[in-house]
Ligand code: KIV
Ligand code: ZN
């Protein structure tokens, strides 16, 4: 089934969110899903409902908020209980899709599944038919397809199509394939699978060798019409193919691919920026399409060329990927309407109540800071609106630094712990260590600090410092962020935020997504 329309399948909230450091809370997932809809992805894989109660609830909420154009997909292992749970989560979407998968490589069948090829074929026939009894929109993935025997792959795909699957995905699960070789394998499968003309073929490429996007694009030349990927390329291990790179390749090189997508490319930068804010990972400066340097021309020869004719060194415009500056300057005297318009330009549609909250926060920030940048506003909305109700709340922090000898760095903190105000003071080897020790004593838990990073959100000495921390305890791990012009306060906020996330993650019982566990069928 080949056409000139490329289906973009986004798995930022499933494969992306399950990767270390990319965990999002319920509100953040809903916000991200809404933005992905605005971006124009065709299929949104909202999560893996059987993996935890938290995932189930967020997939269900995303399904319920989604409009009629987007397909909301849930992942399910090839087992009835997973498929039933997936359907329960997505059935309220206007356009639901069940995505079920099973490994087809000898390696996975032997060691991971402990099933014979015949048993695998039976499971595919049985489970795809069960999924099709719930919805006609069923995708089947042959996990580890790129390392599977090509004739067995044809049998597995033929079985899934005969059982009613309408999309067949051939993932490069471990990022092992090379572009020409992968395209050749897919070409073979499409030519030799019984009923192939009834299905749309799809790819899902991991980036272990840095070829996720290249492999995905190579597959287009042999008839693949769905590409799966994640914003900013997040995902298991080295990540997935980056959606923004796939989309811009198809748009900029329409002459080469001859395909159309539904992506509103001007929403690319706002979407990636939102993701980066939510997961607390800055976009690298040299990142294709969205990095700060992607449109910066430094060398004299290049600058000269750009002045004479932009096309000499620019293959796409910053505006085409949404890197436009809104010239509405926000400050002390801005009214509610200007603030609303500004947030809309940044991609945030706020309710009246949310607008009032950010309006007050803007006034407060404007008292402390001369220039308010877009990044400050985005950090603010993230902190004030999308954060879950907290069990721990920081009220005041005061620190005494010291260079050497004498009194060690000292911190005093006042905070709410599960509704009760507490105060405490203590020491550390540095001011941040002192603050973290005091907070840890107050909440009565001492998680490991796995990572601490600090970033100036904008230029200038009055810039907001944005701190990201990762902590872990008892096999659970959580990320926290905090922004404040005082970097010690930003650190304290980030630590408290991480502790709140840790509590939330423990409550939802989600350690790491497990895609194994077959045999419980
Ligand atoms: O990488 C992979 O094979 C997957 C499947 C579940 C599609 O993520
Ligand atoms: Zn994957």
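Including glycine, each Cβ sits where the backbone N, Cα and C put it.
TrEMBL lists 15, 204, 206, 240 with the feature Mn(2+) binding site. Residues or ranges marked as domain 'Pyruvate carboxyltransferase' in TrEMBL: 6-269. The annotation region 'Regulatory domain' is assigned in TrEMBL to 393-521.
Taking the centre of the Cβ atoms of 15, 204, 206, 240 as the Mn(2+) site, the nearby residues of that chain (Cβ within 8 Å, site residues left out) are 11, 171, 173, 205, 207, 212, 228, 229, 230, 235, 236, 239, 241. When averaged over the region 'Regulatory domain' (393-521), pLDDT in the model lands at 83.
For the binding-site residues shown (204, 206), fewest C-beta neighbours within 10 angstroms: 206. DSSP assigns residue 15 (Mn(2+) binding site) to a helix. For the recorded site, residue 206 (Mn(2+) binding site), the DSSP three-state label reads strand.
Comparing the binding-site residues 15, 240 by how many other C-beta atoms lie within 10 angstroms of each C-beta, the top residue is 240. Per DSSP, the region 'Regulatory domain' (393-521) is made up of 35 helix, 51 strand, 43 coil.
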